[in-house]
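Below is one structure. I have some questions about it.
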């Protein structure tokens, strides 16, 4: 077999391609040199744009009244007229005494709320205490009933044992004798 030439994809033999590529590149270079471009055109600005560029436009400044921004709540001095957009609940106080009376009323109301909360807490605590006492009383009652039942059972046993004490002692001795004589080993099959 004849030796195969290694084939490389994307590359062709250098001898043939080098001759072909040179004339193309040289021709393109020549054409670029020969072709003359026209000089770039200057963009002229229009007269009206020049005047507008030179002028500085004055921006309009709005007053606070025109903007209609809401004012912050402040203490209004005596004699000041109420603003137009006054809220319903807003109260303007003319004198110091009136303001202090309103403040005292509000404080008293708040203290009343606090006092009522404390009273409710006390009442709830009393209710809890009463419930706990009732539960303890029920528990003690149950214990007493249980103790009484135990005592009655013990008394019944004592009555039975006192009447039959002689006969039981004879029977128990005879049973123990018979058990000792007749002890047998028992085997159970599972």
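The backbone N, Cα and C atoms fix where each Cβ goes, glycine too.
Here's the feature list from Swiss-Prot:
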- 109-165: coiled coil (COILED)
- 1-29: compositional bias 'Low complexity' (COMPBIAS)
- 39-49: compositional bias 'Basic and acidic residues' (COMPBIAS)
- 129-151: compositional bias 'Basic and acidic residues' (COMPBIAS)
- 181-190: compositional bias 'Basic residues' (COMPBIAS)
- 1-70: region 'Disordered' (REGION)
- 129-190: region 'Disordered' (REGION)
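Describe each of these features in terms of where it is and what it packs against.
If you take every residue in the coiled coil (109-165) and average the pLDDT, you get 89.
A Cβ distance under 8 Å defines the sequence-distant neighbours of the compositional bias 'Basic and acidic residues' (129-151), meaning residues of its chain 6+ beyond its ends; there are none.
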